[in-house]
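> So TrEMBL lists the following for this protein:
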- A:6-28: transmembrane segment (TRANSMEM)
- A:40-60: transmembrane segment (TRANSMEM)
- A:72-91: transmembrane segment (TRANSMEM)
- A:103-123: transmembrane segment (TRANSMEM)
- A:129-145: transmembrane segment (TRANSMEM)
- A:177-198: transmembrane segment (TRANSMEM)
- A:225-253: transmembrane segment (TRANSMEM)
- A:265-285: transmembrane segment (TRANSMEM)
- A:291-312: transmembrane segment (TRANSMEM)
Amino acid sequence: MPRKSTIQMSALGAFAILSCLLFMFYKIGGSWSFALEERGIKLAAIGLTAVAIGVSTLIFQTLTQNRILTPSVMGLDSLYMLFQTLLVFFIGSNNPLMANKNINFIATLILMIAFSFMLYHLLFRRERVSIYFLLLLGIVFGTLFQNGSSFMQMLIDPNEFLIVQGKMFASFNSVNGTVLGVASIVLILSLVYLAFWFKYLDVLRLGKDQAINLGVPYFKLARHLLIIVSIMISVATALVGPVTFLGLLVVNVTYQLFDTYRHKVLIPGSILLSIIALVFGQWMVERIFTFNTTLSVIINFIGGAYFIYLLIKESRG
Amino acid sequence: MIETKQITKRYQNKTVLNAIDLEVPEKQITAFIGANGAGKSTLLGIVSRLLKKEGGEVLIDDMDINEWKSKALSKKLAILKQNNQMTARLTVEDLVSFGRFPYSQGRLTKDDHEKVDEALAYMGLEPLRKNYLDALSGGQQQRAYIAMIIAQDTDYVLLDEPLNNLDMKNAVQMMKTLRRLVDDFGKTIILVLHDINFASCYADYMVGLKNGEIVAQGSTEEIMTSDKLKDIYDMHLDITEINQCKYCLYFK
C-alpha cells in the first residue's frame, strides 16, 4: 500500500473509532451497564451493516463497470418491502412472523437469499448471461414488487399500515442480540466466500474482455460475485431495513479519497467510511433530531451536499 | 498452432460465419481482410474465446479451446480489442503489470517486475510509466496496451484493428513493432486490418473474408493480385509495385 493511502486509512480508522466512542459515551447517564449494552448492540448492528453495504456496493460496481449503480437495482429492497407488506396484509401484524423480530428476520433472510438463488439458477442455466440482462430483470422484478406492495398498502387498515411504514426506513432500534448473532455468521461466511475470488477483483476493473484475456474465469466469477452481493444485501436489509442508498455515496467518496483501483485499499476504505456515515447519522437521529427524522434523510442530505461540493470544485479546477 | 474447424456463428437467424476452416501459420503475421461486416472481427473474437460460437471447434496447440484452463490459456494466447472501455484510473506501469497476472495472480515477483520493465522499454514507455492512462494520447494508450500484451508473454497475439485511430507515423511504428515481435521473438500474430496496404507491406499471410466465408487465403504475394482482391472486395483494384512492395490504389 502506498504511503499516502496508509496515512489516509489510519486517519479514517481513527475517525471511525472516535465516532464510535462518541456514540457509546455521549451523555451517558443512569445505569451504565444498561446504556452500554443497548448502545453496544446498536453499534454492532451498524458495523455489520457498514461491512455488508460497503463491500457489496464496491464489488457490484466493479463487476458492472459502473460507478452510479447500487445493488438495489437487483430488486432485493423491493422484495423485502413486498414480503413485509404481504405478511401484514394476509396474516396481520400480530402474527409471530411479523411481531417476533427473530422469526421475522430469519424468514426474511431466507426468502431473500432463496429468491436470488432461484433467479440466478434459472438464468445461469444458459452458460453466458450478460450482466446487464440480469440487471434489467432485477429492475423489472423490483418495480413489480414495489407496485404490489403499494397496492396492498392502500388496502390495509391504517394502523397496520403504520407497522409496514416502520419497516420502510432503515432503523437500528429494533435489533437484538440473537438476530445480530445470526447476521454476523452469515456475513462472515460470505466474506470468506469472497476471499476465494478476491484476487480477480482488480483485474475485473479492466473490463470483461481484458479480464478474460488475462485468464479470469469471468462468467463463473460474475455468478459467484452476484451471489455474494445478494447475500450481503439480504443480511443488511433483513437486519435494519432498506439501506442500499448508503452504498452509492460511500463508495464514490472512497474512490475520491483513495485514487486507486486496488481492492485491498478500496474495500477497507469503504467499510470505514460506511461506519463513519452510519454512526454519525444515527447519532444525529438520536441526539440532535430526537428521532424526528430518519437515517436515510440525514445521510442523503449530507451525501447530496458533498456531491454538489465535488461538482463545483471539479468545474472550477 | 491455431486451427479452426467448421466454425459457425449466428446472430438470431443471420449467419455471420459459415463453416470456417483455417490453419494459421506459425511465427508469421496473418492479416484478416475483407469489407465491413465480412466477419473478420467475429472470427478473431471466437478464436480468442471472447465470443461464443454456434458450431465447430477452435484448436490451440491441438487442444479444444473449451478444454483449456483459463489461466493456462492466458499464458498462451493474448487478445487486444480496439475499444478498451475502462473505468479504473491506472498508470501505464499498472496496466503493463496486469500483463503478468496470469503468472503471478496479482502478487508480482522480481521476475515479473523485470518483464514489466522490459516491456515498457521495448515500447519506449519508460518516461511515461508513472503517467495516468486517461492523460495520454490515443497512440500512447495503444502502445501501453501493446506493452501489456508483451509482458503477458504469449506465443499467440491477436489484435483487432490495432491501427484504428492512429496517425500515419504511429501506425507505421505499430506495424514495425509487431513485425519485430515476430522476427525477434517468434510470436504468431493475427490481425484484423482495414488498410489493405498495411497488410500487404507487413503481413506474411492473408485471409480474405466475404459474407462470413473465406474466399481467398494465401501468402501476401498470392493474394495481392487484382483477381483475388476482386473476389474479396467486389471491386476492381489496380496493383502497383514500389520497392518490392505491392500497393493497391483504391481512392478513385
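Just so it is clear, glycine is given a Cβ too, placed from its N, Cα and C backbone atoms.
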> Who are the long-range neighbours of the transmembrane segment (A:103-123) in its own chain, taking Cβ under 8 Å and residues 6 or more past its ends?
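Those are 74, 76, 79-80, 83-84, 87, 96-97, 129, 133-134, 137, 141, 179, 182-183, 186, 223, 226-227, 230-231, 233-235, 237-239, in sequence order.
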> So are the transmembrane segment (A:177-198) and the transmembrane segment (A:40-60) touching or not, going by 3+ C-beta pairs under 8 A with a sequence gap of 6 or more?
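Answer yes: the transmembrane segment (A:177-198) meets the transmembrane segment (A:40-60) with 3 or more Cβ pairs below 8 Å.
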> What stretch in A:6-28, A:40-60, A:129-145, A:291-312 has the biggest tally of Cβ pairs under 8 Å against the transmembrane segment (A:225-253)?
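Looking at each of A:6-28, A:40-60, A:129-145, A:291-312 in turn, the most contacts to the transmembrane segment (A:225-253) are made by A:40-60.
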> Applying the under-8 angstroms CB criterion, which one of A:40-60, A:129-145, A:291-312 scores highest with the transmembrane segment (A:6-28)?
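Against the transmembrane segment (A:6-28), the leading stretch is A:40-60.
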